[in-house]
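These notes concern the structure reproduced below.
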Amino acid sequence: MKFVDTHAHLHFPQFKDDLDKIISLFKSKQIEFIVNVGIDVEDSKRALELSKRSENIFCAVGVHPHEAEKVEKDYIKQLEKLAKDDKVVALGEMGLDYYRNLSPKEEQLKAFREQLILAKELDLPVILHIRNAYDDAYKLLSQIGLPGPGGVVHAFSADTEWALKFVRLGAFIGIGGPITYPKNHSLRSVVRVVGIENILSETDCPYLPPQQFRGKRNEPAYVRIVVEKISEILNQNVQKVSDVLLGNAKELFSINF
């Protein structure tokens, strides 16, 4: 059985004291690969640098909606340059976040649009961060379209209707620790409705740990708990579920081991 974490931030300071240990445990924890995700240009450089420490770590470069207001004029050129590295398998995380509104909506929309266009030009999939902004995000994605390889709505937090809309656009639904939260009936419904063929497993570590680790740092190894919960919800064998999820991730990110 093998697992994949399609959304991690191992370059964040929460891992500075034991990162080598976490990477060394990938094999024993049956982690096939992870995608380490940047949130702005400089952070993406750090994410990329870290990815070169292991053949099991890949990278996504992009500007998170929280950081949209702070970008430099040439940030798209900088992202394009970073994206040419062989370790980069996606652009992101990008999108819209109206929950915290740490950047004005206009700036978020501008950065999202520009990065989406770049992803289409580079033919790279996108990792989407959408929170309390599904309507605007859907409109923009409908206008511009996803890149050929598609994308994933990371840490999905809307209902089944929205999930199906994004699946029809060509996106996977990213499922992580919140699937294990007792009150999160809506997300479990999403898993049942979209089916395993449209799901990616993720952790968003160091954030959003599974229920049994709430209040603590999330880690790539905990993706196993997510996969086990998905298999329980779907009443399917965990081996089969892990195989499909791994295949989904390899397909989206064009990773061949």
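For all residues, glycine too, the Cβ spot is worked out from N, Cα and C.
For reference, TrEMBL has these:
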BINDING   His7, His9, Glu93, Asp204  divalent metal cation 1 binding site
BINDING   His129, His154  divalent metal cation 2 binding site
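Here the features listed in TrEMBL are painted onto the structure.
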residue: His7; record: divalent metal cation 1 binding site; contacts (Cβ under 8 Å, 6+ apart): Val35, Val37, Glu93, Ile127, Val152, His154, Ala155, Gly174, Gly176, Glu202, Thr203, Asp204
residue: His9; record: divalent metal cation 1 binding site; contacts (Cβ under 8 Å, 6+ apart): Asn36, Val37, Ile39, Ala47, Asp204, Cys205, Pro206, Tyr207
residue: His129; record: divalent metal cation 2 binding site; contacts (Cβ under 8 Å, 6+ apart): His64, Pro65, Gly92, Glu93, Met94, Gly95, Leu96, Asp97, His154, Ala155
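Taking the centroid of the Cβ atoms of His7, His9, Glu93, Asp204 as the divalent metal cation 1 site, the other same-chain residues with Cβ within 8 Å of it are Ala8, Val37, Ile127, His129, His154, Ala155, Glu202, Thr203, Cys205, Tyr207. For Asp204 (divalent metal cation 1 binding site), other Cβ atoms within 10 Å of its Cβ number 22.
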